[in-house]
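Below: the structure, in structure tokens.
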């Protein structure tokens, strides 16, 4: 009877969707979970439930979104994509080659001289050109591939500063990504993330970690881009730069027009995530403090139309690459918590929220585990080949491949519940790889029904722009009904993310 009642309630909710929400979206929010494939979403749902005394039956906040689609993630030259080509797709609306940012498929990676005339603009720029307030928040460096497609055009995702660029690219007139962050769209209202060393001249000591050589500035041109960011703002506008949680808390955001926040480290070790007082992009701080600070703070930021900027959950991706599923899944739960807060602070009548991923990972969980089995626990049986136990979570490849005395490592001899445990993998690699399967797209709000079925990933920003009456496809818009000053929020992490 329980299952029948549940199904009937679901049916009633589905029937209500026949009345489509065709309002113009005042606000757009894009949450990007970097590397958050379908298997990650499912495992994160179980983890979230188990953290709250439930389990498989629990719901993520994104699960509650009424419209769901699948996005095909391949790059124009890659069956299994990277984060740069996918970011160009879901932010700029065109597919691109792997490793390239904000440019068409006419650009070859590393070839600066193929870039001119191939630049493509993002939904963030479309919103800005329509007079909207925009923001980017990420748990990665702000120059990472996931967020940077929102503002940059680059033949190589790794050209964070001119210190990372080859001589031919510099001679060819290509700009590094940090410089483009400051120059391409100078009036982005909110930018929060990591990677501040790319903003300062080479060998300039970091203010927080003055004795760490690897954290010194990297720029060859001698420019201080934080200062350049301030100077690019219109006269009479207040631009604030923060690099630590304390600075963010101290802001009187009602008097701030532009906010740039950059921590030193784009991420911190997992065992430190719960520590207060960490850098801006530390997910532990985000979970305990930063969400309410950002969300509540920006509702008072001058000129902003909605209560918060967005987020890219970039560390989901980092955790998977390291084979550390515990890190990846906890980060996904944190991203979902942010989605829940955004849902409570906005209305489906005027806010289109979209949650998706740039790509998946070769992450899986199985082994016929019983209901309620700890998500990081063992399968209920031993292998019928080597007679050893195995964890439910495994990777297709990555650093978790371990041979001990000529045999697969016996996981019962290690602490597989540890935060830094690297789940076993089938093929040894220093870094685990992305997966090539489709990713989910969850949508809620005006015109959310446009995200349905199976789509090319580059369709996403076109649907969002249509809903908000920005960009080139505005023939359906009633000018009298268009809202004033909506806010676009790419969640780079991501999260992008991300992240």
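Including glycine, each Cβ sits where the backbone N, Cα and C put it.
Keep in mind that TrEMBL annotations are predicted by a computer and have not been checked by a curator.
Remember, it's a predicted structure, so these values are computed and weren't measured experimentally.
TrEMBL annotations:
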- 34, 317, 321, 358, 359: Zn(2+) 2 binding site (BINDING)
- 34, 144, 146: Mg(2+) binding site (BINDING)
- 83: active site, phosphoserine intermediate (ACT_SITE)
- 434: Zn(2+) 1 binding site (BINDING)
Worksheet, complete the sentence: Quick tally, other C-beta within 10 angstroms, 83, 146; top of the recorded positions is 146
Fill in: residue 146 (Mg(2+) binding site): nearby binding-site residues from 34, 317, 358, Cα cut-off 10 Å
34, 358
Item to complete: Could you tally the C-beta atoms, other than its own, that fall within 10 angstroms of the C-beta of residue 34 (Zn(2+) 2 binding site)?
Response: 38
Worksheet item: If one measures from the C-alpha of residue 317 (Zn(2+) 2 binding site) to the C-alpha of residue 144 (Mg(2+) binding site), what distance in angstrom results, rounded to a whole number?
Response: 12
Item to complete: Fill in the CA-CA distance, residue 358 (Zn(2+) 2 binding site) to residue 144 (Mg(2+) binding site), as an integer in Å.
Response: 13
Practice prompt. Measure from the CA atom of residue 34 (Zn(2+) 2 binding site) to the CA atom of residue 144 (Mg(2+) binding site) and give the result in Å, rounded to a whole number.
Written response: 11
Discussion item. Between 317, 358, which of the binding-site residues has its C-beta surrounded by the fewest other C-beta atoms within 10 Å?
Written reply: 317
Worksheet item: Where among the binding-site residues 144, 434 do you find the Cβ with the fewest other Cβ atoms within 10 Å?
Response: 434
